[in-house]
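K.L.:
Next up is a structure, given as C-alpha cells.
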Amino acid sequence: MTHTATEPGTSLPLRHRSIAIGAGSLAVLLGALDTYVVVSVITDIMTSVGIALNNIQQVTPIVTGYLLGYIAAMPLLGQASDRFGRRLILQLALAGFAIGSVITALSTDLTMLVSGRVIQGVASGALLPVTLALGADLWSQRNRATVLGGIGAAQELGSVLGPLYGVLCVWLFGSWTAIFWVNVPLAIIAIVLVQFSVPAHQHDPDRPKVDVVGGALLAVALGLLVVGLYSPDPKVSALPEWALPVLSGSGVAFLAFILWESRAKTRLIKPEGVRFGPFFAALAASLAAGAALMVTLVNIELLGQGVLQMDKADAVFLLSRFLVALPIGAVIGGWLATRFGDRIIAVIGMLIAAFGYYLISGWPVDVLAAVHNFGFFTLPRLDTDLVVAGIGLGLVIGPLSSAALRVVPAAQHGIASALVVVARMTGMLIGMAALGGWGIHRFYQNFDALAAKEPKPTGKPNLLELQQQLLNRSITAYSEMYSEMFAITAVVCVIAAVIAIFVGSHRKSGHEAQ
C-alpha cells in the first residue's frame, strides 16, 4: 500500500520552506541551550536555593528532571503534532517553555526550581521531533537528510553554546535567573516566526488520534528505567539497592505498553504502511549513539579533573573539541546522505566514532603531551581523537532520522521523529546512569587493587610522600577506568554500525513522492 504526503509542504517555494524550517530550528536551539545551560551556573543555583556546595548530588534533579520531562512528553507531543498540526504544537510548546522559565527564575527553593525545569523539559520535548517532522513534511525523502542534519546540528550547537550562554547571561545581568528571564522574549519571538512561516494544518479526518494511555505507559517505563540504573553511592555498588524492584517495574510498564499497543484502536504508531524492521534498526542505532554521546559528555570532563588534574573550567574546555565536531559532522552527514544514501553514511559514521573511541581508550596518563606521528607531520592526540569521535557521531544524526521517517507514512512523521529522539535520549540517560555508575565503581576497585599491590611502608611514614603516593594511585585508577569505559563505548559503536546496515534505503521506500 502506497501513501502520499498529506501536508502541503512540498509544493511550497523553497524560500518559504527554508524560512519555516529556520523558525523551527531556532526553537530547537532555544530548547537545546536550556538543556545544558545549568552546567556552568550550578554553584550559583545551589547558593541561591540554600544547598551546600559539598551536597551537589541534591541538585541532580535540576538536570535529570528536565531530561525525564523531555523524554516522557515527547511521544505524546509528537503524535499530537500529527493530529493537530506542527504549527499549533510548536507554539504551545514554546509557550510552555516560557512559563517553565518564569517558574524557574522565580524559584526560592529546590522543589520550585525542579518543577520549573520539568515544565521546561516537557515543553522542549516537542520542539526537536516536531521540527524534524516539519522538515520531513516540507522536503521529499531523497533530499530531506540534509535538512534533518541541519536541524540536528542546531540541537548539538545548543550543547556547545549552552554553558557559554549561561556564563554570558550571568556576566551581563549579574544573576543566574537572567538565563531564564531571557527565554521569555526569545520564546515569544519564536512563536511569532512560527505563526507566519509554518504552513497551517490541513484538517484530515483520517489523521491518527493521540494515544494518551500508550504514551503514559511508555513514559513510566522510561522513567523507572533511569531511576533503577542510577546509583547514589557507586563506591558500594554500580546499581542502587532498589534496582531490582524498580527495573522490574520498568519491565512491567513496558510489557503493559506492548500489550496496550497490540490491542488498542488508537496507538502511538499505526502499523499500516510501517516497515518495522528498518524503523527499529534506526531506533536501536540512535539509542547506541546517544549512549556514546553521554559517556563522552560526562567522562571527558571528569578525566580532565581526575587524570590531568585540571580545574573545572579547563576540564570543560577539553570537551569543546568534541562538541564543535558534533554539529559539523551533522551538517556533513546530512549532505552526504542526500547523495549516497542514509544507510552507508550511518554505518560509516558509527565506524568512525568507534575508531575515535578506540583511540581515546588508549590514552596515556600524559595525553596532553602525546601526539599522532604521521612522519611528515604530527597531530595532538587528545584533540584529534575527540574530533574523530565527534565527527563520527555527528555524521549519523541526519541519516538515522531520515531513514526512520522514510519507512513510516507521512501522517505519522511526528510520532516517528519523537521515537527517534526518545531512543537517542534514552541512550544518553542509560549511558549516564549505567556506565557512569559502573565506571565510578570500577575506579574504586582499581584504586583498592593498586593499594594492595603497593609495598607496606617501613619506619615512620612521611606525610608528603603518602600524599603523593595517594595522588599517583588515584590518577592511575582513573586512567584505567576511563580506558575501560571508552573501550566499551567503541564496542557499542561497532554494534550500532552493524545495526545501521538494516535501516531503510531510497530504493525500498515508497511512502512519498521523490
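Cβ atoms here come from the backbone N, Cα and C positions, even for glycine.
Positions annotated as site 'Protonation/deprotonation site' by Swiss-Prot, on the basis of similarity to another entry: D34. Taken from Swiss-Prot, the feature site 'Forms salt bridge with Arg-426, probably closes bottom of cavity' applies to E156. The site 'Forms salt bridge with Gln-157, probably closes bottom of cavity' annotation in Swiss-Prot covers R424. The annotation transmembrane segment is assigned in Swiss-Prot to 19-39, 88-108, 118-138, 157-177, 178-198, 210-230, 239-259, 278-298, 316-336, 344-364, 385-405, 485-505 (among others).
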K.L.:
Can you count the other CB atoms that lie within 10 A of the CB of D34 (site 'Protonation/deprotonation site')?
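P.N.:
Its Cβ shell of radius 10 Å holds 26 other Cβ atoms.
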K.L.:
Any chance the transmembrane segment (278-298) and the transmembrane segment (344-364) have 3 or more Cβ pairs under 8 A, given the pairs are 6 or more apart in sequence?
P.N.:
yes
K.L.:
Check for me, if you would, whether the transmembrane segment (316-336) reaches the transmembrane segment (88-108) - at least 3 Cβ pairs under 8 Å, residues 6 or more apart in sequence.
P.N.:
no
K.L.:
Considering pairs 6 or more residues apart, do the transmembrane segment (344-364) and the transmembrane segment (239-259) have at least three CB pairs under 8 Å?
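P.N.:
Contact criterion not met.
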K.L.:
Does the transmembrane segment (178-198) come near the transmembrane segment (239-259), with 3+ Cβ pairs under 8 Å (pairs 6 or more apart)?
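P.N.:
The transmembrane segment (239-259) and the transmembrane segment (178-198): touching, no.
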K.L.:
Return only the integer: C-alpha distance in Å from E156 (site 'Forms salt bridge with Arg-426, probably closes bottom of cavity') to R424 (site 'Forms salt bridge with Gln-157, probably closes bottom of cavity').
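P.N.:
One finds 13 Å between the Cα atoms of these residues.
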K.L.:
Do the transmembrane segment (157-177) and the transmembrane segment (19-39) come close, with at least three CB pairs under 8 A (pairs 6 or more apart in sequence)?
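P.N.:
Yes, the stretches contact each other.
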K.L.:
Going along the chain, which residues six or more apart from R424 (site 'Forms salt bridge with Gln-157, probably closes bottom of cavity') have their CB under 8 A from its CB?
P.N.:
S286, L287, A289, G290, L293
K.L.:
Please give the sequence-distant neighbours of the transmembrane segment (19-39): residues at least 6 beyond its ends with Cβ less than 8 Å from one of its Cβ atoms.
P.N.:
9, 12, 45, 62-63, 66-67, 70, 86, 90, 93-94, 97, 101, 117, 120, 123-124, 127-128, 130-131, 134-135, 138, 147, 150-151, 154-159, 161-163, 165-166, 179-180, 183, 186-187, 190, 193-194, 197-199, 316
K.L.:
Excluding the flanking five residues on each side, which residues at least 6 beyond the ends of the transmembrane segment (485-505) place their CB within less than 8 Å of a CB in that stretch?
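P.N.:
Contacts with the transmembrane segment (485-505): 275, 277-279, 281-282, 284-285, 288-289, 291-292, 295-296, 299, 341-343, 346-347, 350-351, 353-355, 357-358, 360-361, 392, 396, 399-400, 403-404, 406-407, 435, 438-439, 442.
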